[in-house]
Structure formats: C-alpha cells, structure tokens
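Lifted from TrEMBL, the feature list:
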DOMAIN    B:13-501  domain 'Major facilitator superfamily (MFS) profile'
TRANSMEM  B:51-73  transmembrane segment
TRANSMEM  B:85-103  transmembrane segment
TRANSMEM  B:109-129  transmembrane segment
TRANSMEM  B:150-173  transmembrane segment
TRANSMEM  B:185-206  transmembrane segment
TRANSMEM  B:238-259  transmembrane segment
TRANSMEM  B:279-300  transmembrane segment
TRANSMEM  B:307-324  transmembrane segment
TRANSMEM  B:407-433  transmembrane segment
TRANSMEM  B:454-473  transmembrane segment
TRANSMEM  B:479-497  transmembrane segment
Amino acid sequence: MNELKKYLGIVWIALGPLAMVFMAWQAWDKISIAKPGIDTTNTALQWGIILLIFIPIAIGLVIFGKYALAGEYDKLPESSEEI
Amino acid sequence: MNQPNQQNSIFKVIGASSLGTLIEWYDFYIFGSLATIIGAQLFPADAGASALINTLAIFAAGFIVRPFGALVFGRLGDLIGRKYTFLLTLVLMGGSTFLIGLIPSYSSIGYAAPILVLILRLVQGLALGGEYGGAATYVAEHAPKGKRGFFTSWIQTTATLGLFLSLGIIVLAKNIIGAEAFADWGWRIPFLLSIVLVGVSIYIRLKMHESPMFTKLKTEGNISKNPLKESFNKKGNFKMVLIALFGATMGQGVIWYTGQFYAQSFIENTCKIDFNDSRYILLWGIAFATPFFVIFGAWSDKVGRKWIMLTGMLLGIIFYRPIYQTFLDKSDVTTWTDKNILKEEAPVVTRFAINDVDSIVSSSVKVSFANGSSYNKVNIDTVYANPTKMIGHAQVIKDKVLPTSTFWVYVGLVFFQILLVTMVYGPIAAFLVELFPTKIRYTSMSLPYHVGNGVFGGLVPFVATLIASFAGSTPLSGLWYPIGIAALSFIIGAVYLSNKADENVND
C-alpha cells in the first residue's frame with residue numbers, strides 16, 4: 001500500500017498543473033466568445049475569481065503529491081503529539 | 001457532575017450550537033432561493049449590470065469570502081475561544097440577513113440597493129465561514145469518548161434543515177399571501193424573520209460556557225500564539241489539512257450540493273416541473289433522510305468514519321447518471337399513463353415585438369388530467385412581415401404537475417441522494433475534529449471544510465453549465481463534474497485515509 005501511495009503521488013503532482021492549464025484554457029475560450037462589453041467583463045470576472053481560488057488549490061494538490069511521494073503518508077499520526 | 005446532569009448539559013450544548021448553526025444556514029440559503037426576486041426588486045433592469053452584481057454576490061461570497069471567513073474566525077476561535085467567536089458569526093449573519101430584508105428597492109435608491117446587497121452578502125459569506133468550525137469543535141470538545149460522531153451529527157443535520165426551513169418558509173409565505181404580493185414585498189418576510197430566530201439563538205448561546213478543552217488550554221497557557229502559522233506552515237499539520245481536503249471534504253462537498261441543490265435545479269429547470277412541486281419533492285426527500293445524519297454519525301463511532309463517507313461517494317459515482325436519466329424519462333409527458341384530459345383551458349396569447357414589423361407570438365395552454373397532473377403547453381412562433389422568411393416555431397412543455405405515482409418516484413430518488421449526503425456528511429465533523437490538535441483545531445478544520453463545500457461543492461451548478469456548453473453534450477453531461485470530483489476524492493480517501501479514530505481529542 002505504501003508503494004501505491006508513493007506512485008500515486010506522481011499522479012497528483014501532474015494533476016495540479018494539468019487542471020490549471022485546462023481551467024486557463026476554458027477561461028480564455030469563454031471570455032473570447034463572450035459578447036463585447038459588459039458580458040465580456042462579467043465572464044472575465046467569473047473566471048478571474050475561479051482561477052484565483054483554484055491556483056492555491058492546484059498548488060495544494062502538487063504539495064500533497066510531493067508529500068505522498070516522500071512517504072509522508074505511509075503512517076498517519078494517531079495522536080496530536082505525533083503532528 | 002452526576003450522570004443525568006451531565007447528559008442534560010451535553011444536550012443543552014448540542015441544542016444551543018445546532019440551533020444557531022441551523023439559523024446561519026437558513027440565512028445563507030434564503031438569499032439563494034430568492035435570488036430571482038431579489039434581482040428583480042433590488043438590481044437594475046439592465047441585464048448586463050445585474051448579471052455583474054449577481055456574479056460578485058454569488059462567486060465572491062461563496063468562493064473567496066467563505067474560505068477567508070474560515071481563516072479569520074478560525075484564528076479568532078483558537079485565540080479567544082469557541083463560544084465568543086461563534087456568537088460573533090451569528091450576530092454578523094443575523095444582522096446582515098435582517099438588513100437585506102430592509103433594503104429599499106432599486107427604483108427608490110438606485111445603485112445603492114445592489115451595492116448594499118452585495119456588501120451584506122459578503123458579510124454573510126464571511127460569517128458562514130466562521131460558524132461551522134466553531135459549532136462542530138464546540139460540540140466535539142464536550143462529547144465523551146466514543147460518542148463524538150453521534151453528538152456532532154446533530155450539527156451535521158443543520159445545513160440540510162436550514163435548507164428545509166428556508167424552502168418551507170418561502171413556500172408557506174408565498175401560499176399565504178399569494179405569488180404577486182410575495183414577489184412585490186412578501187420576499188422580505190423570510191429575511192426579517194431571521195432577526196427573531198437569531199435573537200433567540202444568541203440568548204441561548206450567551207448562557208453557554210466555553211469549551212472545557214479550550215478553557216484547560218487557556219488556564220495552562222498553552223493557547224497557540226499564531227494558529228495560522230501552526231496550521232499551514234508546519235508540515236505535520238499541513239499534510240493533514242491537505243488529506244482532509246482532497247480525501248474527504250472535496251468529495252463530500254460535491255455529493256452534498258448535487259443531492260440537494262443540483263437535484264432541485266435539474267428537476268425545475270431541465271425537467272420543467274412546477275415551482276411548488278419541485279420544492280415539495282425536495283422537502284419530502286429531506287424530511288425522510290434527515291434522521292440518517294444521526295444514524296450514520298452514531299454508527300461511525302462504532303465502525304469508523306472513513307468507509308461510511310467513502311461508500312456515500314462511491315454510490316453517488318455509480319448511481320447519479322441512472323437517477324437523473326430517470327428524472328428525465330419520467331418528466332416526458334408522453335409517457336404519462338393517464339390520457340383522460342379533464343380540461344384544456346383557452347390559450348393565453350402574448351405578442352412581443354422584435355422590431356417594428358416582426359414579432360414573437362407565444363400561446364400557452366394549460367392541460368389538466370383526471371389524476372390531478374397538468375402541464376402548460378407553450379407554442380412560440382416568430383412571425384416575420386416578409387412572407388419569404390420562414391415562421392420559426394418551438395414548443396415547450398413546462399410547469400408540469402406530476403402524476404402522484406411519478407411524484408413519489410421523484411421523492412424516492414431525491415431521498416436516496418440525500419441519504420448519500422447523510423453518509424458523507426454525518427460523520428465528517430467528528431472526522432475533522434479528530435485530525436487536529438485542540439489549540440489549532442478551529443483554524444485547521446475550517447479551511448478544508450469550506451474549500452471542499454464552498455468551492456468544490458458551490459461550483460457544481462457553474463461547472464455543470466460549463467460542461468453542458470461543450471459540443472455534443474447532453475442534459476446529463478453536467479454530472480461528470482460531481483462524479484469526477486467524487487471519484488478523485490474516493491481514490492485519495494481510500495488509499496491515504498485511516499479508519500482509526502483519534503480516541504483522545506483532549507490534546
């Protein structure tokens with residue numbers, strides 16, 4: 001199981017940037033097809049907020065993957081003293 | 001303290017905490033449920049400007065301010081105590097909700113109206129971000145060993161009951177004063193009513209004592225000096241925050257929002273079921289499923305939290321598409337067995353001018369059946385003055401009142417989805433509490449909870465609509481978002497989470 005945890009870490013490391021690229025591509029696509037004027041501003045605002053909140057989450061997923069790869073989750077703490 | 005007194009005291013703790021949290025959820029949901037009416041009353045008629053303010057109100061409040069509130073109030077709760085922090089969130093939430101009910105219309109005060117709505121909505125988001133962690137921590141820190149899941153599960157019922165209360169009061173007020181008066185001024189009733197509920201809750205909470213574990217920490221001088229730094233800058237704790245988010249709250253958030261909000265929106269907007277019928281379906285589903293929060297919470301004390309939560313996610317992954325396909329199939333009026341038309345009312349014809357010569361003609365006919373079901377058949381024709389142009393024609397069947405047997409099939413399917421919500425949500429407060437030490441518990445558990453629910457869960461309607469815009473999409477395509485996120489969370493949870501609960505949270 002610990003081997004699986006480590007190998008999956010690589011998947012999480014890759015998934016973070018991939019998710020961000022997909023989101024950024026979608027943002028670009030949706031903003032570019034919005035009607036000029038307030039519609040474009042509105043779409044840009046929506047996607048701006050989503051990207052703003054998802055960048056730290058994607059970074060978090062990469063860090064999670066890094067921890068998994070380093071074996072940090074091989075044994076979870078069983079009490080607060082171990083944290 | 002003897003046994004009955006102790007028992008009495010813990011139920012007071014649960015009651016006081018749950019009531020306040022329920023009211024906070026009620027306050028947060030009435031805005032969402034009445035967004036269309038609020039938009040018409042308080043926002044400019046210009047669709048573009050209105051959409052912009054709406055975006056800020058929905059996106060900023062849910063996705064930025066809510067996790068931010070988790071950090072602000074979580075830190076405060078770990079520094080000054082749980083009791084005063086969740087009292088403050090209650091005052092902020094109740095006050096802002098009450099004030100939304102008092103805002104004059106856009107026609108009276110112009111742009112000040114939507115700006116005030118926006119500010120108050122942001123305060124609501126901030127308060128909500130701080131409330132849940134406080135209530136869950138407060139109850140868990142009073143709960144005896146082996147009963148933490150059972151006691152905190154009462155807090156877990158509040159989000160669903162808050163939705164139930166908001167829907168119930170809206171439907172009740174609308175039925176009593178009539179749809180027209182409700183749209184004109186009656187929508188303010190649920191907002192104004194909040195002050196009474198909050199007043200009672202504040203009174204009860206003021207009488208409560210601080211959490212015993214926090215009091216002990218404070219007496220010993222062991223309170224965290226910088227909860228944010230200790231929560232997110234210390235690897236040992238931060239890795240638990242990450243596992244809580246990706247292995248539990250992320251999947252739980254999408255299951256929660258799909259089972260309750262997406263289901264209602266799909267039934268009303270995609271299946272075109274009547275406004276009241278779609279709400280009654282949800283109300284029945286919630287009423288039948290709510291006890292299971294407590295059942296699964298209590299069961300998790302015996303068998304562990306992990307597999308109950310993950311089973312809820314797995315069942316959602318497997319059954320969402322068949323459930324929503326059934327919703328679609330059963331809403332097709334050609335499949336309704338009763339062909340005995342009781343009454344076909346005279347068509348109501350409306351004409352809208354597109355320009356000086358062309359127009360859109362809408363003709364609506366209400367068809368009622370002997371078994372009580374009915375629908376509105378709306379024919380829409382685009383009529384051009386130029387005879388060489390084709391007349392555009394479209395037919396929409398809407399406002400469907402379902403035959404009784406179909407209605408209960410819908411209730412059953414919504415019940416099943418909320419049952420999954422109870423599986424993932426019932427044990428999660430105890431699960432989160434047990435992951436983190438007392439001195440940074442409020443901060444550490446609040447952030448993954450609100451990112452999982454506010455961001456991943458709150459994005460369900462937006463991403464579902466986004467997926468529906470892709471080429472070749474079907475009405476069910478939007479479900480790939482909750483299915484995908486729940487699957488990811490299930491894999492992470494199954495591989496990385498431990499089923500062993502931390503027996504001692506007094507550390």
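Here the Cβ of each residue, glycine as well, is placed from N, Cα and C on the backbone.
Owing to the predicted nature of the structure, the values given are computational and were not obtained by experimental measurement.
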Hey, does the transmembrane segment (B:109-129) touch the transmembrane segment (B:279-300), meaning at least 3 C-beta pairs closer than 8 angstroms, sequence gap 6 or more?
no
Quick test of the contact rule: Cβ under 8 Å, at least six residues beyond the ends. What residues does that give for the transmembrane segment (B:238-259)?
159, 231-232, 309, 312-313, 316, 320, 414, 417-418, 420-421, 424-425, 428, 431-432, 435-436, 444-445, 447-449, 451-458, 460-461, 479, 481-482, 485-486, 488-490, 492-493, 496-497
Do any residues of this chain, six or more beyond the ends of the transmembrane segment (B:479-497), have a C-beta under 8 angstroms from a C-beta of it, and if so which?
243, 246-248, 250-255, 257-258, 262, 306, 309-310, 313-314, 316-317, 320-321, 324, 456, 459-460, 463-464, 467
Any contact between the transmembrane segment (B:185-206) and the transmembrane segment (B:85-103)? By contact I mean 3+ C-beta pairs closer than 8 Å, pairs at least 6 apart along the chain.
yes
For the domain 'Major facilitator superfamily (MFS) profile' (B:13-501), report the average pLDDT of the model, please.
90
Stretch with greatest number of CB pairs under 8 Å, the transmembrane segment (B:407-433) reference, B:85-103, B:150-173, B:307-324, B:454-473 candidates:
B:307-324
Which bits of the chain, at least 6 residues beyond where the transmembrane segment (B:454-473) starts or stops, bring a Cβ under 8 A of a Cβ in it?
62-63, 66-67, 129, 249-250, 252-254, 256-258, 261-262, 265, 479-482, 485
